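Chemist: Can you keep this structure in mind? I'll have questions shortly.
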Amino acid sequence: MEFLGIPTLITLPIEKIVSGGLKMYLVESKGGAIICMLLSLFFLGTWPAIFTLLERRGRLPQHTYLDYSITNLLAALFFALTFGEIGKSTPEKPNFITQLSQLSENWPSVMFAVGGGVVLSIGNLCTQYALAFAGLSVTEVITASMTVLIGTTLNYFLDEKINKAEILFPGVGCFLIAVCLASAVHSSNTADNIAKLRSLSSTEDLETGNDTADNVKFGTADFLVELEKRRAIKVFGKSTLSGLSIAFFAGVCFSLFSPAFNLATNDQWHALKKGVAKLVVYTAFFWFSISCFALAIILNVIFLYRPLLNLPRSSVKSYLKDWNGRGWAFLAGLLCGFGNGLQFMGGEAAGYAAADAVQALPLVSTFWGIVLFGDYQRSSRRTYVLLASMLLMFIVAVAILMASAGHRK
């Protein structure tokens, strides 16, 4: 029999439900997987823009990340307690609550999920600081491309090569070219900003600017000065390599979380004993998010009292009183949580290598960067050419990656 799968979050194509009775809702068709990836792409490309918005308004990144972590975990709980509890629990596909009670048997897979959450948490934390130094577009291109270069290759072999290699790996090559172009865009844009700041006639101008805060225009030297005065993370005088280095490290972290999640749900290394059910995607996502949340809380509470990059010291009491931008930070956590959940749902159906197509998120982030923050306005022609080339290469890479999608048996 076939039932029309209409979950409360999104409408997906008809999915086959085997055996007599309704089972847990799982995406099984390639069409459903692609819809999950596209929605995930929008969500994962939007939350970094919110982080950038709050940092440029002067909110401490530690406060933002603590708020974000709370709703990010709540999103995982939503998936687990809704989709993970739909239908009858079976020995092969236990429901979320049932599988939680089997921790003594499935703990090896839980450890893979926990490890994935740890590296994602570190990657997101690094991204928050890289956004200030390298900008929204360049940071997202570097982290996403590193994720594809390493993570997609690992997932291809873990998924028993269900993706079309002759299509997949040319797409990976396009991501590599996009990384090189992203570095060139960052260097060119930095040179443009230095030239703009030199146009200011004196040190006094650098401190005060020539216009009032309400009159400055995107892309001008006065805009850059005013932005530096408002923002939480000061970037003037910092090395260009600082932002790029943080972004590359974040990308390496991101490249490992999807393969770890893949191992948690599919047990390719046969860590589970015979007869023990593999982790359902919703249970794995829950443990993944628990570890992500725990590490984020520990590190950011430490950073309140021992801040990085010469940021002002804060405290738990100051954080609890800081409601300026809290709603936006909560929204960022929800977007990231739902984006990750949808990516994992799509990966279970079409293969995690193809699901890495959501790493096209820099296309969304660049859109927000230009619309909301005036990124690259009044830059040189060279910067515009490099930026257009980078985005074009990204579009080609993502199209090729989606075309490589297989179907998990």
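Using N, Cα and C of the backbone, Cβ positions are placed for all residues, glycine too.
Below, the features straight out of TrEMBL:
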TRANSMEM  32-54  transmembrane segment
TRANSMEM  66-87  transmembrane segment
TRANSMEM  107-126  transmembrane segment
TRANSMEM  133-155  transmembrane segment
TRANSMEM  167-186  transmembrane segment
TRANSMEM  239-261  transmembrane segment
TRANSMEM  281-305  transmembrane segment
TRANSMEM  326-346  transmembrane segment
TRANSMEM  352-373  transmembrane segment
TRANSMEM  385-405  transmembrane segment
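Show me how these features fit into the shown structure, please.
Modeler: Sequence-remote contacts of a segment are chain residues at least 6 beyond its ends whose Cβ falls under 8 Å from one of its Cβ atoms, and for the transmembrane segment (66-87) they are 7-8, 17, 21-25, 47, 51, 95-97, 280, 282-283, 285-286, 288-290, 292-293, 296-297, 300-301, 319, 326, 329-334, 336-338, 340-341, 345.
A Cβ distance under 8 Å defines the sequence-distant neighbours of the transmembrane segment (107-126), meaning residues of its chain 6+ beyond its ends; these are 65, 143, 246-247, 249-254, 256-261, 263-265, 267, 271-272, 278-279, 284-285, 287-293, 295-296, 299-300, 336, 340.
When Cβ-Cβ distances below 8 Å are used as the criterion, the transmembrane segment (281-305) is approached by residues 24, 26, 62, 65-66, 68-70, 72-73, 75-77, 79-80, 83-84, 94, 96, 99-100, 109-110, 113-118, 120-122, 124-125, 257, 261, 264-265, 311, 313-316, 318-319, 337, 340-341, 344-345, 348 of the same chain, each at least six residues removed from its ends.
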Chemist: Do the transmembrane segment (326-346) and the transmembrane segment (32-54) come together with 3 or more C-beta pairs under 8 Å, pairs six or more apart in sequence?
Modeler: yes
Chemist: Could you pull out which residues elsewhere in the chain have a CB under 8 Å from any CB of the transmembrane segment (133-155), counting only those six or more residues past its ends?
Modeler: 45, 48-49, 52, 123, 127, 168, 171-172, 175-176, 178-179, 181-183, 185-186, 189, 233, 235, 238, 242-244, 246-248, 250-252, 254-259, 262, 347, 351-353, 355-356, 359-362, 365-366, 368-369, 373, 375-376, 387, 390, 394, 397, 401
Chemist: When you scan the chain for residues with a C-beta under 8 Å from the transmembrane segment (239-261), skipping those not six or more beyond its ends, what do you find?
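Modeler: 112-113, 115-117, 119-120, 122-124, 126-127, 129-130, 132-135, 138-139, 142-151, 154-155, 158, 183, 186-187, 190, 284-285, 288, 343-344, 347, 352, 355-356.
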